[in-house]
Every structure is written in structure tokens, then in C-alpha cells.
Amino acid sequence: MSAVKGTPILISAVPLVDTDLPPRYEDYVEKTSLTLNFDNETIMTAVDSDQSDDSDGSSALFASFIKVHDNVTQFYTTNYKPIWKILYVSLFIGYLAYFIAAMVKCSVDKVRDPTPLLVLTIVVLALFVIWFIRKRFEEELYKTFIQPVIDCFTSKQKLQMFVKILFMITVIIGMITLVVTSVWNRPQNLISLAGMAVFLIILLIFSAHPTKVNWRPVLGGFTLQFFFAAVILKWSVGFQIFEFLGKQVQTFLMFTDKGTEFVFGQKYTEHLFAMKILPVVVFFSCAISVLYYVGAMQIVIGKIAWIMRVTLGTTAAESLCAAGNIFVGQTEAPILIGPFLGLMTKSELNAVMTGGFATIAGGVLAAYISFGVPAEHLLCASVMNAPCALAVSKLLYPETEESKLKTTADLQQEEKRERNILEAAAAGASASIKLVANIAANLIAFIAMLEFVNAVLSWFGSFVGVPTLSFQIICSYVLMPLAYYICLMC
């Protein structure tokens, strides 16, 4: 290899090979990645693009692969709609074949009861039909059926007032009838009705603006709570639905044991709370995150929020947060309206806080279920407390400002941060770490503090012949009127 003075070094990005340079400089490939200059002399190194027949074959193969990739991408981009339609139809046909085979197998061989599969199929099919009708014919249905009714009510004030009065009378008669039939054999249960009146008076006394209370959300919240209680507790079908949902939740949460056993070993039950209860919170948080990613939670929460907004007259932001508190905790529910917290009024912020205290977080609900508390009772309490929380908050801190978040159009949900369902599941599990740590730390601290307080009270009580004096005993006497008015002593 010869050195040429004053010529720069050209080092190609292609690996060098031990071969003679071509006789002509013009045959060199004009591809340079690095240039080095020396003071006295410069050595030029270059690599011919036609080094070997193998490299030509590899380049041709790579070019063919790129061409195929581009053609496939272009074909999918042009025809992605029919491709997905064919995929959906194929999946539907496959499930239909499976469903028919399962029904025949269960009917002939009696392998198991086919009712759950039948109910699931009917529910999913009904939801699909509703979605399809709304997507295809929502505007036509609205103009044909809904808009004329709205125009009729808005144009005729007397008719609107008559319908409202008739509806209120019907609701009142229904509530009175249900109360009378419920307490006919147990009249002592009427004490709880008196207790509700007492609580309303107490809230009104401590209200921030007692003269500006809007009674629609207050009375509407308690009425909606009464309606949910009647549907769930007094209607056998409603109770069976919630009982079924409770059992399914319990069954679902039992899958936590497999992951817990893998991490802590087969003897994890020896440490019941730390290794049996707290892992349930992790798994439930993971499941909630996945449901948020696929959009299921937004649909359910949105529908419940719409019901409360229409019946109670509350704003979209506080209704959405109250509905979210049914399923998630006090710290997670405000995330639904996180970007709008700065625009909310003081009354709306109070409603958000009250809703968080009135219900339990999904992870804590899962922990209570692990303790053996019936899941249907917990679900029922969460559903009933959501409208009641709005009623209490609007009585304690009435709205005196003009809200900027009255309708759902004022709320624009932020886009998903997770890129796929696995990332959503991992994010949900990671998000529960803080909650699990808080639960464990607070239990350790407060149980220890309670034991210390009881020891101090017992020491003072021993001087007057009451060595069993404790914080629990003091609270039992102080809160006895409260227990009496909510009919716990009946």
C-alpha cells in the first residue's frame, strides 16, 4: 500500500479486508466515515463496494426483503378496514361454533350447567347491538324520538311542571309504601328514619351557607340512595345480581394466592395480613389498571355519573368523581378530573373529598373480602354511599359560585399513558406499592398507639377500681346516641 503525501485518510464504515487495492483511484467508492490529517504524510484507505460476490448476494436479499415489507405495509394501510372486518367476522363465526358445541355438549353429556355461558353470551351480544345501533343510527334516533319529546317539554312549561309533580308524587308514594311494608312487623326500625332527620338537622346547623342550600341534590341524593337500597336489598333479582357479582369478585381475587405462593412460599398463610391480605390489593390494583386501559371503567363510571348528574343536578366533575369512588380510592378517583381540579369551586372540592371518605377503595374492598366480609354487602354500601355523599356535601357546603365544569363536554379526558395492556398491568401493580406500604405502616403505628393509650387509661382507671378502662369503652358510651339513631341497637 503506497503513501501519498498531502492526501487525507479515508476510512470506510465497511470492515476492511486483506486485499490489494484496485489499480485506479476512480474505482474507489466515494463513501467516507472518518478523515484524519497528519502533518507530514497522509495514508489513504478505501474499500471497494464490489468486494465479493457474497456481499452482492446479501445486498440483493436485503433489498428484496425491504421491497416485500413495503408492499405488505402499503397493502395493510390501504385495506386495513376490510382486513379487520374479516378478522372480526372470523372470530364471531369461531365463537358461534364454540357456543353451539358447548350448548350441545352440556345438554347431551351434562358436563356442567350452561347457564353462565348463555348469560354471558346474551349480555355481550346485547351490548354489541346497542353499540352498533348507537353508532349507526344515533343521530336519526335522536331527531326522530328524543328531540320531539325534549321540544315538547321545553315549549310547554305547564306540561313540564305536571310531569315533574307527578313523578315526585309517585316517588314519595312508593317510598312511603316500601317503608311501611318494611317496618310493619318491626316498628323499631323507624328509629333510623328519625336518625336521618337528626343528621340532616346537625348538618344544616354546621352548614357553611345554610340559607343557600340547594335542596335538589340533597333530597335527590337520599332518594337515589333509598332507590339503590330498595333494588339491592328488597328486590330479590337485584340482590341475586349483587350476590352473583360478589361471588365472582371473591373468585377472581382468589387467584392472588398463586402469585403470593410463588413469591413467599407455601407457608405464606402463617403471616395472614402481610402475605395474604396485602397481595390482594396489588392484584386488584393491577386489574383496575387494565380495565382503565381497555376503557371498561370509563364507560361504567361515565354512565353512573350521568345518572347522578341528571337526577341530582350536580356538575359533571363532582358526579364523575363520586361515581369513580365506587370502584377506586380517595387518591385515585380525583385523577379522573385531575386536570380540572384548579377550575373547581370550593363546594365541588368538598364533594370530591366527601365522596372519598364515604366509600372504600377497591384495594381495601378486596382486603375486606379477604377478611370474610360478604362482597355483596360491600358493593351495595359503595353504590348507595355515592349519591348520599353528594347530598351530604351539598348540605354541609352549598354551592355559591358559578361552576365551569357543568357538563361532560367541559371534561376532556387525558390520553392513555400506557402503550399496551402489559404495561398497564405492570403500572397498576407498581402503583399499589405505595398503598400497600401505607396500609401496613399505618396499621403498625395506630395499633401500637392504641395499645399505649389503653395502657395509660387502664393505669388511671385502676386507681378508681376500673382497670379495664380503654379507648374502646369510652367511645362506646360517647357514640351510643349515634348507634341508637342508625338503629344498630334495634
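Placed from the backbone N, Cα and C atoms, the Cβ positions cover glycine too.
Under the heading domain 'Concentrative nucleoside transporter N-terminal', TrEMBL lists 194-266. Per TrEMBL, domain 'Nucleoside transporter/FeoB GTPase Gate' is recorded for 275-372. TrEMBL lists 377-486 with the feature domain 'Concentrative nucleoside transporter C-terminal'. Under the heading transmembrane segment, TrEMBL lists 86-104, 116-133, 165-184, 190-206, 218-237, 273-294, 306-329, 349-369, 435-457, 469-488.
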Any chance the transmembrane segment (190-206) and the transmembrane segment (349-369) are in contact, meaning at least three CB pairs closer than 8 A with a sequence separation of 6+?
-> no
Which residues of the same chain, at least 6 past either end of the transmembrane segment (349-369), have a Cβ under 8 Å from a Cβ in it?
-> 249-250, 253, 277-278, 280-285, 288, 314, 318, 321-322, 325-334, 337, 341, 375, 378-379, 381-382, 385-386, 388-390, 392-394, 396-397, 432, 435, 439
How does the domain 'Concentrative nucleoside transporter N-terminal' (194-266) divide up by DSSP, counting helix, then strand, then coil residues?
-> 62 helix, 0 strand, 11 coil
Give residue numbers and ranges for long-range contacts of the transmembrane segment (86-104): same chain, 6 or more residues beyond its ends, CB-CB under 8 A.
-> 114, 117-118, 121
Among 116-133, 218-237, 273-294, 306-329, which stretch has the most Cβ pairs under 8 Å to the transmembrane segment (165-184)?
-> 218-237
Count, for each of 116-133, 218-237, 273-294, the Cβ pairs lying under 8 Å from the transmembrane segment (306-329), and report the range with the highest count.
-> 218-237
Mind checking which residues of the chain, 6+ beyond the ends of the transmembrane segment (116-133), have their Cβ under 8 Å from one of its Cβ atoms?
-> 99, 102-103, 141
Mean of pLDDT values spanning the domain 'Concentrative nucleoside transporter C-terminal' (377-486) = 86
